[in-house]
Amino acid sequence: MIKSLIGGFAQIAAKPQVLIAGIIATIVQFAIAYLTIEPLVNLVEKAFILQELPNVGLIELPLQFYRMYFAEVNVLILALLASMIVQLWLGVTIARFANNLRDGKKGISEALGFGIKHLGKIIAAIVFLVFVAALFFAAFQAIVWLSDYTIELSIALTALLALFTAYVYVKLVFFIPIMGCRQANVHDALAEAWNFSVKKFWKIVLLLVLVAVVAGIIELVGSTIAEIPGNETAFIVILAVFSIIASTYSALVLANYYLNHEGEHPKMFYEARQRRKSRK
């Protein structure tokens, strides 16, 4: 774990070109944010400031809210999906870069091309994530409906749903690095990520906490430095630079942890499938 955490900084220092992927992702994210400013402002002003909301119960509220602000919500949904694609592309690209460094192959240029080439798999991953999110949302809606009858049970079920969500996240958090390192499709990457966490669950939890803390410190340092020039443009640029470093570092740590420990877990579903394919 320590090797992975330190290795993230070492790789950025030795190969700063890895930040190119983060720069590209940040530029695209800024473009997405710029295009969604107007509908977002309109939605916030009407729904949350002027309180123009459908007069219905909690169960009917999401659907009626969507109908009432159809255009604005659709723009925000498309922006969210585009942003998710960019973030997953960054994770796959950085994982590929880390894998290339380990194997002594080409660096960031090949990784960038790899990420673009596998956009289809990334979109498939988005479809899966949206499907899972819909299931969890449906479960939450059912709990909200149940709260009309028994508030104590609904609170307990909400807590259980939150814990289960966190559990699934930890079990599957490595599926994006696996897509980059192993060129696996979504199904195989999910299966391997689930198996990879066997006997490592709490170590992965600790790793995620440490990565979040380090990334937070990086961004805090960036925000502190950004205030020094006293210039708005410099402030934005410095914040963006440190945000790129933080996101790149986080992706590198996850990829390195998988690469450092991939031989310690049971035989993977993905590896078994590859052997079956080679025998045909």
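From the backbone N, Cα and C atoms, a Cβ is placed for every residue, glycine too.
Note that TrEMBL annotation is computational and uncurated.
Database features (TrEMBL):
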TRANSMEM  18-37  transmembrane segment
TRANSMEM  75-98  transmembrane segment
TRANSMEM  119-143  transmembrane segment
TRANSMEM  155-180  transmembrane segment
TRANSMEM  201-222  transmembrane segment
TRANSMEM  234-259  transmembrane segment
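Residues 59, 62, 81, 84-85, 88-89, 92, 154, 157-158, 161, 165, 168, 175-176, 179, 185-186, 189-190 of the same chain lie 6 or more positions beyond the ends of the transmembrane segment (119-143) yet place their CB under 8 Å from a CB of it. Below 8 angstroms of C-beta separation, residues 1, 3-5, 7-9, 11-12, 18-19, 21-23, 25-26, 90-91, 94-95, 97-99, 102, 173-174, 176-178, 180-181, 196, 207, 211, 214-216, 218-219, 221-223, 225-227 of the same chain, each at least six residues beyond the ends of the transmembrane segment (234-259), sit close to that stretch.
Long-range neighbours of the transmembrane segment (155-180) within the same chain, counting only residues 6 or more positions beyond its ends whose Cβ lies under 8 Å from a Cβ of the stretch, are 88, 91-96, 98-99, 111, 114-115, 118, 121-122, 125, 132, 136, 139-140, 143, 146, 186, 189-190, 192-194, 196-197, 201, 204-205, 208, 251, 254-255, 257-258, 270.
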